[in-house]
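**Q** Per TrEMBL, coiled coil is recorded for 258-285. Residues or ranges marked as domain 'Golgi pH regulator conserved' in TrEMBL: 203-272. As annotated by TrEMBL, domain 'Abscisic acid G-protein coupled receptor-like' applies to 343-521. Taken from TrEMBL, the feature region 'Disordered' applies to 66-85. The transmembrane segment feature in TrEMBL is assigned to 24-44, 90-110, 130-155, 167-191, 211-235, 357-375, 411-432, 453-472, 499-518.
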Amino acid sequence: MPWFTSSCDESACAAVDPNAPSTVGLLFSLLPFIATFAAVAAVANQKIFPKLARVHDAHDGEDHYLPSHAPPSLRQAHAEHGQKSPRRKVAAAVFSTTIALATVLGELILSEISDLVGRRAREVGLRFTVPTLLVLLIGIIPFLEIQSVISGLGWKFQRNRKGKIPQFAWGILLLVFSGWLFAFWSLGSLVGLDKTTTAGGGILRACLERIGVIGISLMAMLSGFAAVSSPWHTLGAVSERRKRPVTEADISRKEAGLDATNEMLLTKRHRLQALERKASEAQAASSSTGGFMGKMIGAVRGMGGDEAEMRALRLEIAGLETMEANLGSSLGMMRSRQAADARAATPLGKLLAVPHYIFSLYCLYRILATTLAMLRRTYYPSSSFSSSDPINRFLGLLARHWDPKLDQIAWARQISFLLSGVILAASANSVLQTFHLFSKWLPGLLYQAQANLALLIGQIAAVYVISAALLLRSNLPREMSSAVGDALEGALEPRFVDWWFEGWFLMSCAVTGLGVWISRKIGREDWDEYGSEEMGPKRM
């Protein structure tokens, strides 16, 4: 009997249903989900991932670099060679699988509500999708992200010329990854989740609850970041853009600075590679021909000359890489702002700008209403923003009109969480501009975000879907949430969800607003901030 036809719990096994679908019938019922997985994975791998991983096009995995004036044919060959690197292939496969599984999970939840697919097929799909997503979110994706950060700090994980594995780099990777697993599991005791876990389903429930808490926190912070960014760039920065619009001279100057930085970076990388080859050859020669004194003399010579130069080159390369990332990001933002200003000057552009102003006003209203709800909860613990927001209440009334058995307040909470994703998606451009503003004070953050952008987006999408599904599970009627309740065993307490989400949302709004205000006070215009850096490489 196949594993998916049994119906067992911790105490006993139920009798086999004679009307249960056969294996062939079950596979036929699963075809829509399999087709969705294959289609989404193919689109994510071939269309979305290459656009999100453009920062890797300059690295082919073998420390080969091209100058900025390289011909297009050579650039294409270099990029194609880089796409064959194992690191990029693994990242593409993980990103595509995560996005596809998150889409299938959403499809399974919708089919559970509408009862379009057989119950057994939904159960099998959920019991495969949810654990696989947990393995990706808890294990594989954090492991790859930590490895990318350590690689960005200068350590390499490939075998050296002698064929030895770099034990120090792998040791740091395993240590940091173990710390992540410990922090993830300790999150349960920190927020007061149920600690009683048993074998099998108990561990799955514990992981789901922690993913749900992380998802709610993450979406609260991102939506708070977006809720401040959108009004700032739509309402607050309009007068500043009118004072000084982006000109072609600004863009040309930025392009010249970026090209000069790329040339300097290429020269120093080639010099560093030459010194590393020289040092490795000298070390190999001394170890094969000389004795102990020969090795000591060779080490002293290396430390006195080439080693000091290599150390200085690594520092210079790190600074130039940061400058290159900032200049490239600033150049892209200048071009988009120039296009937006040109579009805003047309009648159609002015008409299309009206929804942006309305959305910005809604963001301001949401911040104010959430603040009042947090203050009101001091006297009325059951009060929350989701239960008082007119938009959530209106949509909740529509849901109750569709099915009178539904809990209007619970669905208002669900809709509030879903709207946080809408806020983030609708203000994506403003979020990118604000992130660029903050990255000037944390230069390494921009490069790491670009290097892991695909994995981060896949991670956020999957966590968002799982968190929304956990909230949806508690909102569905008992007879409708059977399969959902079996697969998504963790259910978060509604009051905990309210104050936890609103607290992180307001904290994110406060930090973002403070950061924008400080940047405005001590900063200059976006395209002037790196004027000295643009001229610096030309003088060096």
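The backbone N, Cα and C atoms fix where each Cβ goes, and this holds for glycine too.
Unlike curated entries, TrEMBL annotations are predicted automatically.
I'd like these features described in context: how deep, what's nearby, how far apart.
**A** A mean pLDDT of 80 is what the model gives for the coiled coil (258-285).
Under 8 Å from some Cβ of the transmembrane segment (24-44) lie the Cβ atoms of residues 4, 95-97, 99-101, 103-104, 107-108, 117-118, 120-121, 124-125, all in the same chain and six or more residues away from its ends.
For the transmembrane segment (90-110), same-chain residues at least 6 beyond its ends with a Cβ under 8 Å from one of its own Cβ atoms are 32-33, 36-38, 40-42, 44-45, 48-49, 52-53, 122, 125-126, 129-130, 132-133, 136-137, 140-141, 144, 454-455, 457-459, 461-462, 464-466, 469, 472, 484.
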